[in-house]
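Right, I'll just put the structure down here and ask away after.
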Amino acid sequence: MRLLIDVGNTALKAALCLQGEIKPCDVSALPWRQINELVYASVGKNEQLNGLLAQASAFQVPCFEAKVTKQLSNLSCAYQQFSNLGIDRWLGLIAAFQLWPQQDCIVIDTGTATTIDVLTAQGQHLGGWILPGLDLMTRSLTQNTQRVFDDANTPFANELGVNTPNGLKNGALVATLGAVEQAKLHLTNKKPQLIFAGGYGALLKAQFLDAIYDPQLVMKGLNYWYELSKN
Ligand SMILES: Nc1ncnc2c1ncn2[C@@H]1O[C@H](COP(=O)(O)OP(=O)(O)O)[C@@H](O)[C@H]1O
Ligand SMILES: CC(C)(COP(=O)(O)O)[C@@H](O)C(=O)NCCC(=O)O
Ligand SMILES: [K+]
């Protein structure tokens, strides 16, 4: 069994991969004796990750860290300084390229930040954008203004705001949706496959026709990275 670990700026996510099936798991109750290798990706330092790596070595489980490369199979990274690209973004691109081959894709991962990456059918990463995540957007305003306030029961909606929490939340949503529309302009094919992942992925996916929400996208990318890199 393969343990997959994805460390973001907010949370560490874990999953177990068995015969190609990826299932989220709880790191506090890991079947260490059935784990053959630990494959991980991290966008920053993380104490919890260090603890897991220490446990892995205690159980003699080999560990492999995913890194961004300029090229991986037919996928190529837009960044000259490819090591500066967030590994989560690279993994999302790997998963999109493997799952939707010969298809222009836009990968949107909503975590602490919302990242948007444009990928051509030929596997060329054209680049993308880094936006504050929806909660980061709303928090930055409530914490830096006197009269903008939020309301936990107000949903994010693609509508004009008719009160302060509406204006705040809907503004964060439409800013993010607008960026996705802008990303489409960088592809000649006007109907690229939109692939959403991350905490608000389902919410964003619902705003578009024929879009995909895959909460395990980054984990699938991590697994593909390992398969493609170990050979
Ligand atoms: N189930 C959820 N419902 C709503 N928001 C979520 C949920 N999970 C995550 N989020 C949002 O995404 C952020 C963290 O999600 P995650 O994908 O774990 O981020 P990261 O990859 O940056 O660690 C949270 O700050 C919150 O904004
Ligand atoms: C933008 C990110 C922080 C998103 O990570 P997350 O929201 O998952 O914590 C991450 O992709 C990152 O650290 N990127 C490095 C800068 C870049 O991608 O250009
Ligand atoms: K993420």
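Placed from the backbone N, Cα and C atoms, the Cβ positions cover glycine too.
According to TrEMBL, the protein has these features:
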type     : residues                                                   : note
BINDING  : Asp6, Val7, Gly8, Asn9, Thr10, Ala11, Leu12, Lys13, Thr112 : ATP binding site
BINDING  : Tyr79, Gly86, Ile87, Asp88, Arg89, Thr164                  : substrate binding site
ACT_SITE : Asp88                                                      : active site, proton acceptor
BINDING  : Asp109                                                     : K(+) binding site
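In terms of burial and nearby residues, how do these features look in this structure?
Taking Cβ-Cβ distances under 8 Å and a sequence separation of 6 or more, the neighbours of Leu12 (ATP binding site) in its chain are Ile5, Asp6, Val27, Asn46, Gln48, Leu49.
The Cβ of Gly86 (substrate binding site) has Val43, Thr115, Ile130 as same-chain neighbours under 8 Å, each 6 or more residues away in sequence. Gly86 (substrate binding site) carries neither a helix nor a strand DSSP state and counts as coil.
Close to Asp88 (substrate binding site) in the fold, though at least 6 residues off in sequence, lie Asp6, Gly8, Ala41, Val43, Asp109, Gly111, Thr115, Val218, each with a CB less than 8 Å from its CB.
In three-state terms derived from DSSP, Asp109 (K(+) binding site) belongs to an extended strand segment.
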Taking DSSP as the reference, which of helix, strand or coil describes Thr164 (substrate binding site)?
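Looking at the DSSP assignment, Thr164 (substrate binding site) belongs to a helix.
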Out of the binding-site residues I have (Asp6, Leu12, Tyr79, Thr164), which ones have their Cβ sitting under 6 Å from ligand 2?
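Near the molecule: none at all.
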Check the binding-site residues Leu12, Tyr79, Ile87 for any whose Cβ is under 6 angstroms from an atom of ligand 3, and report them in sequence order.
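Within range of ligand 3: none.
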So around the ATP site, Asp6, Val7, Gly8, Asn9, Thr10, Ala11, Leu12, Lys13, Thr112 aside, which residues have their CB within 8 A of the centroid of those CB atoms?
Val43, Asn46, Gly111
If I take the alpha carbons of Tyr79 (substrate binding site) and Thr112 (ATP binding site), what is the distance between them in whole Å?
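Given the Cα positions, Tyr79 (substrate binding site) is 22 Å from Thr112 (ATP binding site).
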